[in-house]
Amino acid sequence: MRRPLVAGNWKMHGTRASVAELIEGVRQQVLPADVDVAVFPSSLHIVQVVEGLNGKAVKVGAQDCAAQVEQGALTGELAVSQLVDGGCELVLVGHSERRLILGESDEVVVRKFAAVQAAGLTPVLCVGETREQREANKTLGVVGGQLAAVIDALGVEALKNAVVAYEPVWAIGTGLTATPEQAQEVHAAIRAQVAQLDAGVASGLRILYGGSVKAASAAELFGMRDIDGGLVGGASLNADEFGAICRAAGN
Ligand code: PEP
């Protein structure tokens, strides 16, 4: 049985004051004991959040990291060892905003994925198709290709200590959520792709759905056989809404 994970991606939002309020709001949530919960604040706020959530069963992650493992002369970047030092346990890798707006290639995504694991952290690999790709019936090919880039470079075993997040680009921040059936189809295809190489890794792999998840839509999505929780953007900035989404993933 896979343990669900609900993760909040706070993106490039917040000030120290608003983050303090959000921490307090998250602290007040009753979180289900059978669900892992994580939040991904901006890099500037990671330490504040780690300290603020001390004692609460919420992991903290980073939204990105340097592809280079070693610390060094790389202005503006954050090394995985710095994220460990700051108290992170997970790192988002390949979010569509980084792939499409910031031009991050599969090759860079793979290097970041490997760097995260080299530091003993858990990568959350984001994959997903654009609206045009879905309309051209390319969804499974695009998502399968993004996943294959990691598997081909690092081996299927690399997915033992990783999470995959299926996030259709057309559903991110748009208010359009994939139907549970649309999401399940892709989640099942991801698991089948991994199962062809290693059935054990496939059955243990947590695959999250992301894309305008709200408390109202969460339970139905999380009820699908291959959906193991969610990666939540906008709704995670409201602690009560996020708490309700976490509870929807519990039994
Ligand atoms: C995201 O960016 O990871 C995301 C899922 O955003 P939203 O929930 O706002 O669509």
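Quick reminder: no glycine exception, Cβ is built from N, Cα and C everywhere.
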*Hey, TrEMBL has substrate bound by Asn9, Trp10, Lys11, Ser212, Gly233, Gly234. Any idea which of Gly52, Gly173, Gly250 it lists too?*
Gly173
_So if I draw a 10 Å sphere around the Cβ of Gly234 (substrate binding site), how many other Cβ atoms end up inside it?_
19
_Alpha-carbon distance [Glu167 (active site, proton acceptor); Gly233 (substrate binding site)] in Å_ = 11
*Neighbourhood of Ser212 (substrate binding site), C-beta criterion under 8 angstroms, separation at least six*: Ala171, Ile172, Gly173, Thr174, Gly175, Leu176, Thr177, Gly233, Gly234, Ala235
*Quick one: which of the binding-site residues (Asn9, Trp10, Gly173) have their CB closer than 6 Å to ligand 1?*
Asn9, Gly173
*Asn9 (substrate binding site): tally of other CB atoms within 10 A of its CB*: 26
